[in-house]
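Colleague: To start, I am sharing the structure in question, which I have written as structure tokens.
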Amino acid sequence: MKFAQILTVASGSLHTALALPSTLPRQQTCTSPKLRKEWSQATAGERSSYIQAVLCLATKPSTLGLPSPATVYDDFAWAHATLNNEIHGVPAFLPWHRYFVHVYEDALHDCGYTGNALYWDWAADSGAPASADVWDPTTGFGGNGNQTTPSQFGTVCVLDGPFTVLNPVYWNSDVRPHCLQRSFAEPSGDPPVEMFGFNYTPDIVAQVSSETVYDQFNNQLENGPHAAVHQGVAGGFRGLGDLGPVSSPNDPIFFLHHTNVDRIWWQWQQQDPQTRTFAYGGSIGENGPTADLDDILPMQGLAPDSVVREYMDVNSAHLCYTY
Ligand SMILES: *[C@@H]1O[C@H](CO)[C@@H](O)[C@H](O)[C@H]1NC(C)=O
Ligand SMILES: [Cu+2]
């Protein structure tokens, strides 16, 4: 089933996919990789420029031809939502999201940001995630949504910070404009920890990273700590925040979260670069075909479709970054 869907996409976009042939020799090499920093390690100027660029995305009309009032900001949520089955629960989860973060970084550059993608090291903040620097109302992304509201769609609006002005258009792939929604999960467990912090501790990241087989590692990272952060930010009892549904790029924290997921994959690759840089495989869906480095990574027109192989090595000329 999933293979059929992927084939449909592949045949529709064969020409764009071939625009990045993996067999041609590279013209350039990666001599000075760009450093991706943790949010709190970025300078005040970088953080503020990053936030301004995010706001700028929401002022540009959609480049995917989505109907007004959709903006470039919405293009990312829409592309992610419509590709849901091809990019989650599959081996391509990690390389697809690596490509997606890279495309977003380019979009921020088009909006005046000169720094690199930044990440939120949620494991470091897992003891008290709601107090993390990233939620700061003046230097960060603002905090929790309004938790005194009735539990209905669109009521848990973020109350402070730079993103209260946003009006994301999509919820899943439906047109349902709303203010940015967050609903931090209430403290639970013993001792109680908010936002399911106990599910993305440094110990859990270390345990996931001890998996030696790519497919097992990819699965455990996606379904374990990656999913827990989505639920922790969005899954409080007052209602679902924007980081919950498949339109999750609606919450700008998505990209800091996924850059951190990418960093954990990079660290795993670095443990044995010879073997692991191109370590890939597993089946596409239950009893599906075997995943291959030549599988298509569709990008819905945000950027040319590519292939998995192009997004395995961060030292490639077109990625060229480090953590
Ligand atoms: C939060 O929601 C409540 C109930 O809907 C509302 O009365 C209040 O004004 C909201 N708070 C803010 C700061 O918007
Ligand atoms: Cu995703």
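Along the chain as shown, residues are numbered 1 onward.
Here the Cβ of each residue, glycine as well, is placed from N, Cα and C on the backbone.
Below are the features I grabbed from TrEMBL:
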{"type": "SIGNAL", "residues": "1-19", "note": "signal peptide"}
{"type": "DOMAIN", "residues": "88-105", "note": "domain 'Tyrosinase copper-binding'"}
{"type": "DOMAIN", "residues": "251-262", "note": "domain 'Tyrosinase copper-binding'"}
Colleague: By a Cβ-Cβ criterion of under 8 Å, what residues six or more beyond either terminus of the domain 'Tyrosinase copper-binding' (88-105) are in contact with it?
Modeller: 2, 76, 79-80, 116-117, 214-215, 218, 221-222, 246, 249, 255, 258-259, 261-262, 265, 280-285, 291, 295, 297, 299, 302-303, 306, 308, 310-312, 314, 319
Colleague: Suppose you look only at the domain 'Tyrosinase copper-binding' (251-262); what would the mean pLDDT be?
Modeller: 98
Colleague: Do you know the DSSP helix, strand and coil residue counts for the domain 'Tyrosinase copper-binding' (88-105)?
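Modeller: Result for the domain 'Tyrosinase copper-binding' (88-105), in helix, strand, coil order: 13 helix, 0 strand, 5 coil.
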Colleague: Within the domain 'Tyrosinase copper-binding' (251-262), how many residues are helix, strand or coil going by DSSP?
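Modeller: Going through the domain 'Tyrosinase copper-binding' (251-262) residue by residue, I get 10 helix, 0 strand, 2 coil.
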